[in-house]
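Copied over from Swiss-Prot, here are the features:
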| type | residues | note |
| --- | --- | --- |
| BINDING | Gln86, Gly104, Glu105, Gly106, Lys107, Thr108, Asp499 | ATP binding site |
| BINDING | Cys890, Cys892, Cys901, His902 | Zn(2+) binding site |
| REGION | 862-885 | region 'Disordered' |
Amino acid sequence: MLSILKKLFGTANDRTVKKLFSEITKINSLEPAIQKLSDEELKNKTVEFKEKLKNGATLDDIVYEAFAVVREAARRVCGMRHFDVQLIGGLILHRGMITEMRTGEGKTLVATLPAYLNALTGKGVHVVTVNDYLASRDSASMGKIYNFLGLSVGCIVGGMPDEIKRAAYNADITHATNNELGFDYLRDNMKYSLQERVLRPFNFAIIDEVDSILIDEARTPLVISGPVNDNSELYGKIDKIVRLLNASDFEKDEKLKTINLTETGITHIESLLSKENIIKPDTGLYDFENLTLVHYVNQALRAHNMFTVNVDYLVREGKVMIIDEFTGRVMEGRRYSEGLHQALEAKENVKIQNENQTLASITFQNYFRNYPKLSGMTGTAMTEAPELKDIYNLDVVAVPTHNKVTRLDLDDEIYGSKKEKYDAILKLIKDCYDRGQPILVGTISIEKSEELSSVLNKEKIPHKVLNAKFHEQEAFIIAQAGRFKAVTIATNMAGRGTDIMLGGNPEMLIEQLDKEHNYEAKIAEIKAQIAEEKKQVIEAGGLFVIGTERHESRRIDNQLRGRSGRQGDPGKTKFFLSLDDDLMRIFASDRISGVLRTLGLKDGEAIHHPMISRSLEKAQQKVEGHNYEMRKNLLRFDDVMNDQRKIIYEQRTEIIKSKDSHGFLNSTTEELAKKIVLTFMPVGSYREDWDIENLSVELHRVFSIKFDHNVVSKNDVTEEEITKTVIQMAHDIYKSKEEAYSSELMHNAVKYILLTTLDQVWKDHLYSLDHLRQGISLRAYAQKDPLSEYKREAFNLFEQMLNNLKELFIQTVYHFHIDLKHVQKEDVSLEYKKLQQNMRESREDPAFSKYNAGSSLETDLKPVVSRIDPKDRNPDDPTSWGRVSRNELCPCGSGKKYKYCHGAHE
C-alpha cells in the first residue's frame, strides 16, 4: 500500500526536489541579464548586495540573484557553469540542510553558492573538509571565484602560527579541517587575552563529507592534554604477565567489544602478580589496595585481544599510530585514552609515553552544534538521516544526478572461505586487466590490502596500493585509478574527496610537469593521451569497483560503489564475501549458514541470491543501530560536561573582557571571610567554644592576615562584627599592595591570577570527571541509572570546583608579592606585561600546538618578580641576575637567549 502511494504522490524527498526545481527557473531567468555585465559590474554586485543587507534586506531576498552572479563568475573564472541540480544543492545548503549528491556531481562547486551568499553578512563562513589536502585544494580552486567577486579567502592547515590563522579566520570564507577548527576552539579558550584568540564568533558552516565528520568521527573527542605520573614500568610488567594467560582465562564479546577475566583467569593472574611482587601474596586483585591494577590488566587484555596491528593501528618510527576504521588513514597526533595507548606500546615493545591528563576536550557533536546555522554535503547520507535529524536537527535531501546513472551493480558473491573468495577476485581482476578495464578494489584494513597486494604480486599484475601507510600520495593515486589497465587497491574510503576520471586526471599530471621545458607542448600531449585512454576505458566497460568485504555500515559500501559511474560514465560494482569475513562471522553467520545449507554451497562455488543480500542488509542495520545508540549515549554524557564547559568558557571570556576585576575579588573576600569566621565561631555558640587559635591560622593561610586576639577579648563582640573586621583587614592589605605596586598592576595581576586559577581547577575537574565517567556504568549493578548518577555527581564536583576556585584565587591574590628592592616604582607596571609574556611563551611551545600537548599547562601561582640593572649582574653568579626575560640574552655571556641557556630548565 505504502509503495503504491509513493508511486502516485512521490516521496517527501521527491516533493521537496520538485519544489526546488520551480525556484531554479527564477535563477535561470536572471542569467541573460547577468551575462551582459562586464567583469567590473559583476564584481560590484557584491557591494550592491552588502548595501541591500545593511538596509534591511534578508539573505533570502537576494538569494536568486546572488546564485546567478556566482554561476556567471564561475563560468568566467574557472570555465565551469553550475548545473540546475547544483543550484538545487546550493539552496539546500543555504537553508541549513544536508544535500546528498552522487560522487562526481561537483559538490565542491555547489558549496560556492551558499558560501558566497552567507559571507555577504561579514560574519564569516567555514567550509569544513576532512584533511589538509582538500582544504588547500578547495581554497585554491574555488578561491578564484570568491576573489573575482571581491571576497577574501583563508585556509587553515595544521602547524600554522596564530598570526596566519587569525588572518585566515578573519577572511570572508575560510576553508579548514574539522580537527583544526575544534582544536583552535579549545586553544582559544585557554588563552589570556581576546587579542590572542584566532576564531571569530560562530556563524555558518558547510561540512563536506558530512557523514564522515558528524557520524563516523562523532565518538572521537578532541582532547588537549598534558602528562601525568610516569607509570611506564608498570605497563611493561603487566604486559609480560598478560602474555602468560590462557584463552580460558578471559571471555571476549566481539559484538560489544568487551573483554573480562573469568574466575580461573582471576586466580591465574593473581598468582602471576604475586610472583612478580606486584601484589602481596595474601591479597587479591580486587582487594581495595590493588584496585588500581584492575585498570592496567583490563587495558593490557584489550590491547592483546581486541586490537590488531595493521588493522586498528600500525607501528611507525617506534610509535603506535591509530588507524581510522572508516577511512584507513593514520590519525596523526591522536592517542587512545585511559591507558590503552600505553598498553599497546607495551605490547609492541616501543617506548611507552606518559599517560595524559585532559586539559580541554570536546566532541564534534557538541562543537558543530555551536554554529547557529549548519549544513553539509555528501554522496551518502540517506541511511543516516534519522540520526542527523535527531542529534543535529538536520534534514537530508537527495538531489537527482545531472546525467542518468548507467553503472551496473552486480549481486554479491559469497564463498565458504577467504581463499576461495580471493581466487574469485583474482580471476576477475585478471579478466579486467587483460581487456584494459580499470579496477578499484576496496578493502576494510591495511592488513587485507597488503594480503591482496601480495597475491597480485605473485601473479605479476602491476597495481598501486592506497592505505594509511601512503597517505601523502593518496590523492594522486586515486585520481589516476580510472586509467587504462590501472589496478588500485584502496583501504575503505581513503582518497575520498578526489574524483576518479576515466582515462585519468589531467590536472594532477600537469601539476607534476617541469614548467621550464616544453611546458605547453607537454600539456597538449597529456590531454591527448588522456582523451585516447578515456575512449579505450569506456569501450572496456568503465571503472570496475570490487568490494572484498561488506562493511558494518551500508553507507561505507555505498560510498565505495559510488566511485564508479561518475557523471553518467559506464561502470560496474561487485562485492565478494566469505563466511570468514568479520561482519558475517560476528553478526550474520548463523542466519547466512542456514541459507547456504538450504541452497547447497560447495567448495569453490559461489552463491548469489537475493535472500543473502537481505540477510546481510539486516545484519548491517543491526550494527548501525547499535553504533547509533553508542553515539547517542556518548552525547548524553558529553552534554553534562558540555553544559559545564559552556559556563566556564563564558565566564572566562567575561573575565578577559572585564575592565574592573575588583567586583569578584570583593564579593569572594566577603564570602570566604564569613565562612571562615562561622567555622571557628559558630552562630549561637558560647564564647569558650570559639577556636580563636585556629581562626588566626586559617585567616593567615587564606588572607595573609595577622589576626589580633585582642579583637575577640571584648565581652560584647559578635561573630558579625569580627567578620566585618576581617573583611576590612583584607581590604587594607589589598590597598597597601595597590599603593606599593600601582592600581594598574594589581588590576592586571588579579585578572591574571583569576584566569590561571580557573584553568587549574577546571583541569583538575576534567580529571575527576574522566575518572567518574570510567566507573559510572558499574552503578547499573546497584539498579541505578548511570546517566542520572553521573549528572548528580558531576554537578556536585562542579560545585566543589567553584569553591576551590574561590579559595585558591583569594589565597594567591593576598599572598601575591613583588620584590621591589631593584625595581623603580614607575617601572613596576611593566612587570605584569612580563608575566603575560612568560605565560604566552609557555603556550607557544611547539608541543602545545599538537593535538595532545606534550607539556603541562599548569601555571605558577606565586609570581615573585624582581628586576636588576644589567650593569650590576655578575656573569658568574646567577643569584645576582634577578628576573631575566626569557627572550633576553643570557647574562652568562653565552650569546644565547636566556630561555635556551640558563633559563632552559625553569
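Any Cβ shown, glycine's included, is placed from N, Cα and C.
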Rounded inter-Cα distance in Å - Cys890 (Zn(2+) binding site), Gly104 (ATP binding site): 60
Neighbour tally for Cys892 (Zn(2+) binding site), based on other Cβ positions within 10 Å of its Cβ: 17
Binding-site residues compared (Lys107, His902) - the one with the fewest other Cβ atoms within 10 Å: His902
Residue among binding-site residues Cys892, Cys901, His902 with Cα closest to the Cα of Gln86 (ATP binding site): Cys901
Distance [Cα-Cα, Å, rounded] between Glu105 (ATP binding site) and His902 (Zn(2+) binding site): 60
Minimum Cα separation from Gly104 (ATP binding site), reported as the residue among binding-site residues Cys892, Cys901, His902 that achieves it: Cys901
Greatest C-beta neighbour count within 10 angstroms, which of the binding-site residues Cys890, Cys901: Cys890
Distance [Cα-Cα, Å, rounded] between Gly106 (ATP binding site) and Cys901 (Zn(2+) binding site): 55
Cα-Cα distance, maximum over Gln86, Gly104, Glu105, Gly106, Lys107, Thr108, Asp499, record's ATP binders, Å: 17
Spatial neighbour of Cys892 (Zn(2+) binding site) that is closest, considering only the binding-site residues Lys107, Thr108, Asp499 and their CA atoms: Thr108
Site with most surrounding Cβ atoms, counting all protein chains shown within 10 Å, from the binding-site residues Gln86, Thr108: Gln86
Fewest other Cβ within 10 angstroms of its own Cβ, chosen from the binding-site residues Glu105, Asp499: Asp499
Collapsed DSSP category at Asp499 (ATP binding site): coil
Among Gly104, Gly106 [binding-site residues], residue with fewest other Cβ within 10 Å: Gly106
Closest of Lys107, Thr108, Asp499 to His902 (Zn(2+) binding site), Cα positions, binding-site residues only: Thr108
Pairwise Cα distance for Lys107 (ATP binding site)/Cys901 (Zn(2+) binding site) [Å, integer]: 53
Distance [Cα-Cα, Å, rounded] between Thr108 (ATP binding site) and Cys901 (Zn(2+) binding site): 50
